[in-house]
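As recorded in Swiss-Prot:
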SIGNAL    1-23  signal peptide
CARBOHYD  41  N-linked glycosylation site
DISULFID  66-200  disulfide bond
CARBOHYD  79  N-linked glycosylation site
DISULFID  87-125  disulfide bond
CARBOHYD  121  N-linked glycosylation site
CARBOHYD  176  N-linked glycosylation site
């Protein structure tokens, strides 16, 4: 029996985001009904905050390649996590013969966002989301440190964005990992043009990931 149209729509949305430059994995294992609404709300907050931060960067860095048409799109989670695989509904995974496109046939067969017996699969999905956000958090903090060296003070870290990332990380941190507080070690750079360009690239990538996460949480919340 093929999966429902609703599940196929979720899969199509996630795969589309994947090919636009999106999705990887993160943690979660507590009962779905207890946390799905909170995570859904936090994912919506993250998406709106990323949108605001990106728009602000595009306006302030008007002479930099910062728009969607100009930026060199890059996925920092590539080959490290895969949230699409981790969060695939079980009914799709168990009915791979029903998947019409070769583009979807690679998706792992274990993940699930459906209600009921989903604790293990939900843990895998939320783990993937956590790892995604951790990478973006560290990159944002590293860039923020470099922006402090800008004598013009053109643009600084977005505290609201960092807070939104942190809150969602805490909500999906089912493995009780210690949330990193320091940027990843990196050689200092005096090339502020490159740093600001990298900020634009990172914000575009994070927005795509936030859309993916929000759709996953919407599915969980309505299951």
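Keep in mind that glycine also has a Cβ here, set from the backbone N, Cα and C atoms.
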Sparsest Cβ surroundings (other CB atoms within 10 Å) among the glycosylation sites 121, 176: 176
In sequence order, the recorded positions (41, 66, 79, 121, 176, 200) whose C-alpha falls within 10 A of residue 87 (disulfide bond): 121
Same chain, 6+ residues apart, C-beta under 8 Å of the C-beta of residue 41 (N-linked glycosylation site), given in sequence order: none
Cα-Cα distance linking residue 125 (disulfide bond) and residue 200 (disulfide bond), given in Å to the nearest integer: 27
Proximal residue to residue 121 (N-linked glycosylation site) among recorded positions 66, 79, 176 (C-alpha distance): 176
Other CB atoms within 10 A, centred on residue 200 (disulfide bond): 21
